[in-house]
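Enquirer: After the structure tokens below, expect a handful of questions from me.
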Amino acid sequence: MTALRGLWPEMQDTCTSLGLMLSIVLFMGLARVVTRQQLNGPMAHAFVLEFLATFQLCFCTHELQLLSEQEPLHPTWPLMLIYFFSLVHGLTLVGTSSNPCGVMMQMMLGGMSAETGAIRLLAQLIGALCSRYCMGALWSLGLTKYHVSERSFACRNPIQVDLPKAVIIEAVCSFIFHSALLHFQEVRTKLRIHLLSALITFLVYAGGSLTGAVFNPTLALSLHFKCFDEAFLQFFIVYWLSPSLGILLMILMFNFFLPWLYDNHTTNKKE
């Protein structure tokens with residue numbers, strides 16, 4: 001009984017954090033419904049939906065990061081939360097990417113115009129920064145013992161390896177995730193969301209202790225804004241250039257190198 005009483009405050013803090021994340025998901029869902037009903041014009045529509053999606057993703061990730069730093073009741077608890085909220089985002093953020101790399105991939109493959117891409121990128125940037133300042137204001141209320149306003153003003157450097165290794169990790173994570181995103185299009189929606197959520201969880205498990213395994217430039221900016229201010233070049237290379245490099249390599253491999261290899265092999269067989 002004494003042990004349970006000792007755990008109860010921790011459980012209350014965890015439930016409060018989970019309640020905040022679920023509340024923001026519901027609120028953003030309501031905002032998306034209003035946007036679809038009231039807003040006219042494809043550009044304004046795309047901007048607001050991308051802003052809401054990025055805000056939701058960054059808000060929840062901030063709180064998930066805070067939860068992961070607490071003493072978990074079970075070692076797999078943080079991974080379970082990542083999987084669950086990846087599912088939630090996959091189900092609720094259909095039609096948006098919340099990731100500049102996803103927008104870049106669509107633009108390079110001809111699935112999105114440059115104007116629409118620019119609008120979406122701007123919305124993602126604003127959504128990421130707004131979520132950061134919103135979290136700072138929320139943490140200042142002290143709803144749990146882990147909610148402290150000083151947290152949002154400190155740089156918590158997640159890079160635990162040297163720069164070349166960090167670049168490779170983020171590039172590989174981006175390459176794997178977006179390759180799956182591209183090639184799972186024909187898979188049934190419900191199964192695809194589970195597969196992508198499992199993949200995200202695996203990538204975070206594999207690379208989270210090394211670089212955070214973010215592979216999303218706007219999310220990295222929101223999570224580590226102060227670090228970008230203090231060590232801009234390092235964080236720019238690891239969290240902006242590396243995921244973009246992963247996308248570029250993925251497109252070159254699947255759209256140019258492998259088709260060329262296949263055509264060359266077919267030609268040799270005919271000869």
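Each residue, glycine too, has its Cβ placed from N, Cα and C.
Values in this document were obtained by computation on a predicted structure and should not be read as measured data.
Here's the feature list from TrEMBL:
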type	residues	note
TRANSMEM	16-34	transmembrane segment
TRANSMEM	46-64	transmembrane segment
TRANSMEM	76-96	transmembrane segment
TRANSMEM	196-215	transmembrane segment
TRANSMEM	235-262	transmembrane segment
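I'm curious about the neighbourhood of these features; can you describe it?
Expert: Long-range contacts of the transmembrane segment (16-34) within the same chain: residues 49, 52-53, 55-56, 59-60, 63-64, 66-67, 85, 88, 92, 138, 143-144, 146, each at least 6 residues beyond the stretch ends and with a Cβ under 8 Å from a Cβ of the stretch.
Beyond the ends of the transmembrane segment (46-64), by six or more residues, the same chain brings 17, 20-21, 24-25, 28, 31-32, 35, 39, 78, 81-82, 85, 88-89, 92-93, 95-98, 116, 119-120, 122-124, 126-128, 130-132, 134-135, 218-219, 222-223 to within a C-beta distance below 8 angstroms of the stretch.
Listed as Cβ neighbours of the transmembrane segment (76-96) (distance under 8 Å, sequence separation of 6 or more from its ends, same chain) are residues 21, 25, 28-29, 32, 49-50, 52-54, 56-57, 60, 64, 67-68, 120, 193-194, 196-198, 200-201, 204-205.
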